[in-house]
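Just below is one structure, and these are the notes that go with it.
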Amino acid sequence: MEKLYSCGSCSSSGSLKRILRGPWMAVAVSFYMLLFSGATYIFGVYSGAIKSALHYNQETIDTISFFKDLGGNVGILAGLMNEVTPPWMVLSVGAALNLFGYLMIWLSVTHRVAVPSAGAVSFYMFAAANSQTFVNTAVLVACVKNFPLSRGIVLGLTKGCIGLSGAVFVQIYHAIYGQDTTDMILFLAWLPSLIILLFMFFIRRMDIDLKENHDRHFFFLLYLALALAGFLTVAIILENALSQLPTQAYKAFGAVAVVFVAANALVAIRAECERRTTSQNNVNVEALESEKPPNCMALTAPTCMHSEEDMNRESTMRSTVSDGDKKEAQMQSCSASNEVGERKSSGESVGEQDGTERNKGSSCAAGSYDEKECHRSASSSQVKMRCGESGRGSSMGCVSRVRAYFKQWPERGEDHSIPQALLSLDMWILFVSVTCGVGGSLAAVDNMGQIGESLGYSKVSISTCVSLISIWNFLGRVAAGFGSEHLLRRYGVSRALVLSFILGFSSVGHLLIAFPGPGTLYAASILVGFCFGAMWPPLYAVISEIFGLKYFATLYNVVGSVSPLGSYLLNVKVAGHLYDHEARRQAEKLLLMAASTPSMAPSSKSPSIAPPDFTCYGTHCFRMAFSIIAIASFAGCLISLLLVIRTRKFYSQNIYAKLHAPQQQHHPHQYA
């Protein structure tokens, strides 16, 4: 244990600075940000305060929840911004949005400003939730690109921290504010923004040795996260069993949670020390090899003769390449002349595309492009020559360009452009699957407060269910990330198959909500939380494996942006609408009973009928809604099986050799 926390070679101030600026410290800081960026997952805790203070009905609350899901998943702007700006700038935008959104909601709920409309509150919630996409994009993309050979593990841990953040928030909130859910909104405004501003300059792309095995350090981080999840589970059980815990107990729970979160820095320091020691050893080996005599006098005669033969071969190859350059230039000149004739007849400019083709030809001759790219470039030039010989019309020039574009379409595993990925059938299968699966899970997460209330659970029990969702959300993300990585490496199991299984299994949790029994809401919270968390790591890993890492920051947010559509359909239009319908029927029935028996006094246990924000009580309130949601989740499972069939040949190969060998060849130590 002492070895984990000690590092004698890192005692100097220069080494300390390098440790703080190293990739492993960036991972630890990423965990700090992500563990305090999941405020959207505890909407069920503070939604009641918004509903009662602003006098909203359930459909209005679900509409606000939809804008929360929309903001938390539509991160295309964050992805595009991450492509052209450093991560700290993306993070600073996220901090500003978080502070603005939650602060305005808190001012509205506490009536410190004029009572806003439902549209204004929805906008505030959208801004607050959208901050999460900026944080997730900057942190997750930097970690995946820094550790490309462990992308499944990285995705599982980073996404898992977001899922666990809800339970961490609840414990710290109880320690500071007690049971006041209104002040919790203010807490969500200032704490995440402060942490982002403190640590945003640690997140950046860095030089990583791809040959080094980093999994051992990731497992240390996993053990810490599991210990934190175990502690939070024990704390939740105690809070639920002992309804009147003293204030000091809540403060102790919050302090221990903070200690677990801060301990990630110790693992990062140890990993950085080992990385620097390994790098120094490699430098010493290279220095010893460079001291050997460069001439061939000390070598044996056969070796010298062999070296001369190698030099002759290299000279011959250079002359051959030079001749190939001349032939390639002649071919491209002919092709360019034909294409110029075509474009002159149609009035188009050709300078930019001709320059691109000439660069491709020279790059292929120099060997900087791979064989497939050079073949496509040559095929494109031949197509243009044939088109130029057959006719000079503008229509033929357009056809030739379209044919050349589709001949250059990348295969699975190669870097796709954003339009190519969006036009892919694989991407549209993911879109529909995410809409069905994630939309249903979001409906369960966002309505957990009202589900518990309709079934007669206390506020402490509802808070327990929300925390269980958060903890099992984390466990699902970690299990799916590490498990899918193990299944892919060891047995070649497609991640798309893992995603299909998770979507099908989530329908069981929805059925438990539709047909509840005594205490089944706890089991439903566990199943829904686990499946909701487990969907994300295989989904994002599939995107990176099929469409490449070049535009991963944008594609990752494009796929996530379709989940609000499922949330709107299944949460607002199904769950919210059917709940209000049942509540209205129940209220009308009670009014008729009261009118028929005027002497009947209302019981203390019966719900008060106070329009317009009446509440539904009973097992029937969400039965029809979650029966539909369960069917939709199972349909998403069946649709995702199409992707399993389409990618079975791709995943039958050695995916890591196919994906990572080009990175090691073309991008060694690219980012400083």
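Backbone N, Cα and C define each Cβ position, glycine as well.
Pulled from TrEMBL, these are the features on record:
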DOMAIN    23-264  domain 'Nodulin-like'
TRANSMEM  24-46  transmembrane segment
TRANSMEM  88-109  transmembrane segment
TRANSMEM  121-141  transmembrane segment
TRANSMEM  153-173  transmembrane segment
TRANSMEM  185-206  transmembrane segment
TRANSMEM  218-238  transmembrane segment
TRANSMEM  250-269  transmembrane segment
COMPBIAS  307-316  compositional bias 'Basic and acidic residues'
REGION    307-367  region 'Disordered'
DOMAIN    422-584  domain 'NFD4 C-terminal'
TRANSMEM  427-445  transmembrane segment
TRANSMEM  457-475  transmembrane segment
TRANSMEM  496-515  transmembrane segment
TRANSMEM  521-539  transmembrane segment
TRANSMEM  551-570  transmembrane segment
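Here the transmembrane segment (250-269) does not touch the transmembrane segment (121-141). Their Cβ atoms form fewer than 3 pairs under 8 Å, with each pair 6 or more residues apart. Within its own chain, the transmembrane segment (24-46) has Cβ neighbours under 8 Å at 65, 68-69, 72, 91, 98, 102, 128-129, 131-132, 135-136, 139, 142-143, 146, 157-158, 161-166, 168-170, 181-182, 184-185, 188, 191-192, 195-196, 199, 202-204, 206, 217, 221, 225, 261, 264-265, 267-269, 271-272, 275, 445-450, 462-463, 465-466, 469-470, 473, counting only residues six or more beyond its boundaries. Residues 33, 39, 49-50, 53-54, 78, 81-82, 115-116, 120-121, 124-135, 137-139, 182, 185-186, 188-190, 192-193, 196-197, 200-201, 203-204 of the same chain, all 6+ positions outside the transmembrane segment (88-109), place their C-beta atoms under 8 angstroms from a C-beta of that stretch. Confidence over the domain 'Nodulin-like' (23-264), given as mean pLDDT on the 0 to 100 scale, stands at 86.
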